[in-house]
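Report on the structure given below.
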Amino acid sequence: MLGSGFKAERLRVNLRLVINRLKLLEKKKTELAQKARKEIADYLAAGKDERARIRVEHIIREDYLVEAMEILELYCDLLLARFGLIQSMKELDSGLAESVSTLIWAAPRLQSEVAELKIVADQLCAKYSKEYGKLCRTNQIGTVNDRLMHKLSVEAPPKILVERYLIEIAKNYNVPYEPDSVVMAEAPVGVETDLIDVGFTDDVKKGGPGRGGGGGFTAPVGGPDGIVPMPMPMPMPSPNAPFAYPLPKGPSDFSGLPVGTYQAFPNIHPPQIPATPPSYESVDDINGDKTVSSAQIVGPKPEAPAKPPSRPVDNYNTFVLPELPSVPDTLPTASAGASTSASEDIDFDDLSRRFEELKKKT
């Protein structure tokens with residue numbers, strides 16, 4: 001199945017060009033659609049409802065096209081991420097089958113706006129054979145993305161979708177608008193239709209248990225006239241008894257009494273509290289002899305320390321200071337042999353000599 005005209009580098013470059021081109025087109029078409037919505041609001045304000053409906057179909061087409069471009073951009077990015085598989089494998093990998101077939105299918109439908117997309121499709125056909133490319137263009141192989149085929153189809157959008165667009169545009173621009181009652185009556189009861197029909201209306205209508213992720217919750221079955229009954233309340237658990245910690249395990253018998261009771265010890269009596277406080281010595285008797293009777297001492301009798309020598313007690317009340325000599329008011333006269341020079345008062349050499357003599361003697 002390996003094609004002879006396949007060039008890997010050319011495919012890689014054009015995939016990147018397709019991604020950039022698609023991004024620019026998406027941005028451009030989104031801005032144009034916003035401006036077109038203002039024109040539709042003007043038509044509604046002027047009472048030109050039919051003209052507004054036709055204009056809305058163009059906007060829906062552009063929105064579909066933008067969504068299709070986003071899908072193709074995603075597939076191109078996927079091929080670039082797995083480009084090593086395209087180069088190394090001769091057969092088509094199953095994880096790339098949808099991406100490759102969708103790009104080949106969309107190339108002839110968008111090559112007028114994205115010319116690089118045709119080059120990408122040709123390279124893929126050269127890689128996986130032209131027969132494979134023919135099957136992809138007609139979707140006989142069945143791997144083309146269904147959502148992309150719906151967005152690029154030539155069918156007219158549903159009338160209910162057109163009315164939804166008109167209602168939203170009138171609401172955004174504060175324009176009065178009365179939707180078509182016939183079209184609104186055809187809408188499914190209880191189903192909120194999106195602005196862009198994604199083809200999930202049948203799934204929503206069918207409903208049924210097990211479709212939601214409610215942790216085992218069963219959806220209520222619809223009643224008559226599309227009225228959905230209120231769901232039954234969830235059963236509340238019965239209140240449990242409060243938690244109680246187990247009692248600590250201990251000896252079954254303790255002095256004949258059960259565990260947890262208290263009784264005073266019969267053989268031990270606390271000391272009696274004296275009725276009057278003990279008397280203390282006065283401060284005046286601090287110098288007196290302090291004797292404590294041996295009966296007041298509890299426990300073994302301590303050894304008596306050596307008695308210090310007694311000294312006469314001083315009587316501070318009769319203490320008299322002795323008379324001190326009077327301070328002389330004249331300086332003593334210098335001796336006759338003393339020299340008045342400060343340098344002759346002390347002879348350091350003589351002192352050093354005497355100090356050395358003392359050291360020798362010792």
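Yeah, the Cβs are placed from backbone N, Cα and C, and that goes for glycine too.
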The residue range that Swiss-Prot labels region 'Disordered', out of 174-232, 292-350, is 292-350
Which state, by DSSP, holds Tyr43 (phosphotyrosine): helix, strand or coil?
helix
